[in-house]
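A.B. asks: If you scroll down you'll find the structure; I have some questions about it.
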């Protein structure tokens, strides 16, 4: 038995959905353990593209159990929209194979309103939130006033919690942010109207995981966003509102850390970032535009154009340290075709010193100068390669250099969007 954690090793959008979809074939269950519908995982099978924001990417495999853990914040509307979308495509989304932890917190309308109001008030100092209420929902969780999925079975409890929440939220919306307050009865009615459809999906996720492990089945833990968006270890304050590191797979679905055997870091062959925040290797020239165009770098959730730049080995070394990555899945390697040369950032210059690690002080990463190592580019079309030895020598050299700089083996190489366009070493 080998349970596997999948995490993004950069700032998100590394191609986790495709790798989760592929590894799901070897697993009994796939579990989301953090984040919400601010993540967008894209899977392409036989030319058909599916984008999922909440439901685990393994749902496209008919015989797999898919679970949403307690560490996820769940928008009931988005969950049901995904259920309906998948059902219309013939995917089995019955409660027999899809479950939500009763401990998962629910994103409420006032969370979304607060998210948008705060971002609007920040003006030129925006964090880059998706406005989907993720942060405010996690705030209520930490303040011990949030609604959990299991509360839906008790309408009186729902009404009491909404009434308590709106005393504060409406004051903030109306008086501080100059936004319209929300109607208590309407909020309750909207949520309780969804309860009959949601309640069958509520379950004890920990119990499912324990039973599958007892039977010798493998579990795939699916992370969202990327390591450097982690609330504690990311480029604060330009981070998400949850822990995205591999260790949170344990807390986010209720299993002991000894159940986590393998950690696969998903690494894009270049680097991208959405929204604000430091990005040492960002390219604002034709190279950045080429990567964005060739890589179709627009957010699956927001549609926003992604910032693009060269691969940063300093960032990846930090990812290995934080998450204990056992191996790497290198994605979007085909996007680099036809660039005259390739560059990898191997160190930073900062205040007269050369650093091989990320400085921790807030704002410091914005002041570093990347130190690059240049490698030859390639013109060959690699999208049809099915074995590692089929790749051009220059491509194999690029991969080997990444392994040397990071200290972790590249076990998978993605050379196209399709499930089949993946080389396993």
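Start at 1 and count along the chain as shown; that gives each residue its number.
Using the three backbone atoms N, Cα and C, a Cβ is placed for every residue, glycine included.
As listed in Swiss-Prot for this protein:
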ACT_SITE  13  active site, proton acceptor
ACT_SITE  41  active site, proton donor
BINDING   12-18, 40-42, 306, 332-334, 414-416  GTP binding site
BINDING   13, 14, 15, 16, 38, 39, 40, 41, 130, 144, 225, 240, 304  IMP binding site
BINDING   13, 40  Mg(2+) binding site
BINDING   300, 301, 302, 303, 304, 305, 306  substrate binding site
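On this model, are these features tucked inside or out on the surface, and what's nearby?
C.D. replies: Classification of residue 41 (active site, proton donor) by DSSP places it within a strand. In the shown protein chains, 25 other C-beta atoms lie within 10 A of the C-beta of residue 41 (active site, proton donor).
Classification of residue 333 (GTP binding site) by DSSP places it within a helix.
The number of other Cβ atoms within 10 Å of the Cβ belonging to residue 40 (IMP binding site), over all protein chains shown, comes to 18.
DSSP assigns residue 304 (IMP binding site) to coil in the three-state reduction, outside any helix or strand.
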A.B. asks: Within 10 Å of the Cβ of residue 13 (active site, proton acceptor), how many other Cβ atoms can you find? Include all protein chains, please.
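C.D. replies: There are 29 of them.
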A.B. asks: Rounded to an integer, what is the Cα-Cα distance in Å between residue 41 (active site, proton donor) and residue 302 (substrate binding site)?
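C.D. replies: Computed Cα spacing between residue 41 (active site, proton donor) and residue 302 (substrate binding site) is 12 Å.
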A.B. asks: IMP site residues 13, 14, 15, 16, 38, 39, 40, 41, 130, 144, 225, 240, 304: biggest Cα-Cα distance, Å?
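C.D. replies: That value is 34 Å for the farthest Cα pair.
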A.B. asks: Around residue 15 (GTP binding site), which residues of its chain at least 6 apart sit with Cβ under 8 Å of its Cβ?
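C.D. replies: Same-chain residues close to residue 15 (GTP binding site) (Cβ under 8 Å, separated by 6 or more) are 42, 266, 268, 329, 331, 332, 414.
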A.B. asks: 10 Å Cβ neighbour count around residue 306 (substrate binding site)?
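C.D. replies: By my count, 21.
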